[in-house]
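Listed in Swiss-Prot:
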ACT_SITE  LYS107  active site, proton donor
ACT_SITE  LYS209  active site, proton acceptor
BINDING   ASP135, GLU162, ASP185  Mg(2+) binding site
Amino acid sequence: MIPTLTELLDRLHVVALPMRVRFRGITTREVALIDGPAGWGEFGAFLEYQPLEASAWLVAGIEAAYGEPPEGRRDRIPINATVPAVSATQVPEVLARFPGVRTAKVKVAEPGQNLADDVDRVNAVRELVETVRVDANGGWSVEAAAQAAVALTADGPLEYLEQPCATVAELAALRRRVDIPIAADESIRKADDPLAVVRSHAADVAVLKVAPLGGIASFLAIAAQIDIPVVVSSALDSVVGITAGLIAAAALPELDYACGLGTGRLFVADVAEPMLPVDGFLPVGPVTPDPARLQALGTPPARRQWWIDRVKTCYSLLVPCAGDQSGLRRPRDR
């Protein structure tokens, strides 16, 4: 079912979720939620994203609100803790929000910080969690990444380096130089050809996110063409977007790694009761936002109008596609 623009706007709720610490350069996360006939969907493309890229996120939100979820193969998903680029002294406080979690992803290569800061943070995490992976968000050159790999493994192993460099060619070059597995994120979700990183033998692990890839159906189609392990991660989603990620993870034939779906713990408040990991797992199931929370977290009128205008622009870029759950695709996906 494809909603009209008028119907979509009538079902829209725009909220601002305050964060416990600065993450990805922001302290408040704005998202638009869609109260659809099949459930709730989320449109949360980051504010700086241009309409064509953001339109994939709108497709994902429409699919969740109007489509049918895939059949699941598991009813709970192992998750990793996410540690922002905080000081080493703040690490115990962050990890305390992820009870039972045995894997942590640590942000590194933060602008304004240095490798020594990263080493201190990673070692502080290593004292409390069994398995550590790091995410540079493409912040290093090949040479800097190679040096970081040595420094970050001096006191213990890393599960993998996530997006250490920005380009597929750089990832491939680094992979030839280091023994640590390389994971690709931005090289998949922001690429015109999300499979190029696999064909180039540039990664050992694929980090896939539902919203940037255009929804669960598109996510699963891409995952089916990737012959390396998949890690499902969030895009700093609200509990609504996290739910879509859990459903996608539950539908994968294999799930070898803990997933980055615990980022809800980074928010001070969310639109529904926060999901708490139990023994390092989150349950798979639907979510319904609390009306009181929707109202309390609602944005001022000017911000709501900004999101309405954004939905209008992105919606105008979508084209019908009978093969997708949402019934829509971005123009470049045709």
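Yeah, the Cβs are placed from backbone N, Cα and C, and that goes for glycine too.
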Out of the recorded positions listed (ASP135, ASP185, LYS209), which are within 10 Å of LYS107 (active site, proton donor), Cα to Cα?
ASP135
Proximal but sequence-remote residues of the same chain as ASP185 (Mg(2+) binding site) (Cβ under 8 Å, at least 6 apart):
ASP135, ASN137, GLU162, GLN163, VAL207, LYS209, SER233
Which state, by DSSP, holds the residue listed as 'active site, proton donor': helix, strand or coil?
strand
Tell me, if you would, which residue among LYS107, LYS209 (active-site residues) has the fewest other CB atoms within 10 Å in the structure shown?
LYS107
Additional residues around Mg(2+), ordered along the sequence, whose Cβ is within 8 Å of the centroid of ASP135, GLU162, ASP185:
LYS105, ARG133, VAL134, ALA136, ASN137, LEU161, GLN163, ALA183, ALA184, GLU186, VAL207, SER233
Within a 10 Å radius around the Cβ, which one of these binding-site residues has the most neighbouring Cβ atoms: ASP135, GLU162?
GLU162
Secondary structure at LYS209 (active site, proton acceptor) (DSSP, helix/strand/coil)?
strand
